[in-house]
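Only one structure is covered here, and it is reproduced in the block below.
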Amino acid sequence: MPASQPRSRARDRNNVLNRAEFLSLNQPLKGNQESRSSGRKQSGQAGAAGPQNSNPKERRQSQQLPEEDCMQLNPSFKGIAFNSLLAIDICMSKRLGVCANRASSWGGARSMINLLGITGHGIPWIAGTLICLVKSSTLAGQEVLMNLLLALLLDIMIVAGLQKLAKRKGPYDVTPGLLDYLTMDTYAFPAGHASRAAMLSKFFLNHLVLAIPLRILLVLWALCVGFSRVMIGRHHITDVLSGFVFGYLQFRLVELIWMSSNTCQMLISIW
């Protein structure tokens, strides 16, 4: 034992790390430990006091953000299907817009397509119905013309109201014409020309005696008027299809509220 003590002392003397200038490497300073511990305590207190001092609105927003992100990253099946159909509708409508402007593939036929669209506009039909009503001398003719006028006015009001609610724009940036502004047909959904053409064709097929070739031409005219609006870039395909559906529903509505001959005569006498 006495011999081992001098040997250990000699080792301690010979060890370089036991010198005074290297003591700081072996033993950490107390000041650094205290400063680190105090910094941790302060940060812990600030983190604990932060949620207490934060507003309840901020807490709700922080809790709601992950849920919103999850909803965006994981949409429902209905949302995916609806967005897919909408994308297909926009893509097909843009491809069929061959007369959207002069630089399009069928730009030279734009004026003819616009003329076809005018045949389904509400203002010429209302003006023509009023002229025929003034010149008509039979009670049956006046009854049919008065109900036709009612159907045209209902079509303009219903389509204008639906377009104001939907506010859907067309596939191309095509400015509406003067007649469109007069009938408030400035948005895309539903297509006013398509609904009017469908309503008029169904009205004439039910209340006029027409030969089979004329019936076929009347249906073809309604289809051409509707899809001409897609060709000039004013409406999507779904806008035209929905316009056909609304036109048929408007015809059914007019049939339900059909004005009798006496009512028509009373209105004509007031007018």
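Yeah, the Cβs are placed from backbone N, Cα and C, and that goes for glycine too.
Model, not experiment: these values are computed from the prediction.
The compositional bias 'Polar residues' annotation in TrEMBL covers 24-55.
What TrEMBL lists as domain 'Phosphatidic acid phosphatase type 2/haloperoxidase' is 143-255. Broken down by DSSP into helix, strand and coil, the domain 'Phosphatidic acid phosphatase type 2/haloperoxidase' (143-255) contains 84 helix, 0 strand, 29 coil.
For 1-66, the entry in TrEMBL reads region 'Disordered'.
The transmembrane segment feature in TrEMBL is assigned to 112-138 (among others). Remote same-chain residues near the transmembrane segment (112-138) are listed as 99, 145-146, 148-149, 152-153, 155-156, 179, 182-183, 185, 192-194, 196-197, 200, 221-222, 224-226, 228-229, 231-232, 268 (criterion: CB distance under 8 Å, separation of at least six residues from the stretch ends).
Sequence-distant contacts of the transmembrane segment (144-162) (same chain, at least 6 residues past either end, Cβ-Cβ under 8 Å): 122, 125-126, 129-130, 132-133, 136, 183-185, 189-190, 192, 195-196, 199-200, 203, 207, 243, 246-247, 250-251, 253-254, 257-259, 264, 267-268. Here TrEMBL flags 144-162 (among others) as transmembrane segment.
According to TrEMBL, the transmembrane segment annotation covers 203-228 (among others).
Same-chain residues lying 6+ beyond the ends of the transmembrane segment (203-228) with a Cβ under 8 Å from its Cβ atoms: 96, 113, 116-117, 119-120, 144, 148, 151, 191, 193-194, 197, 240, 243-244, 251, 254-255.
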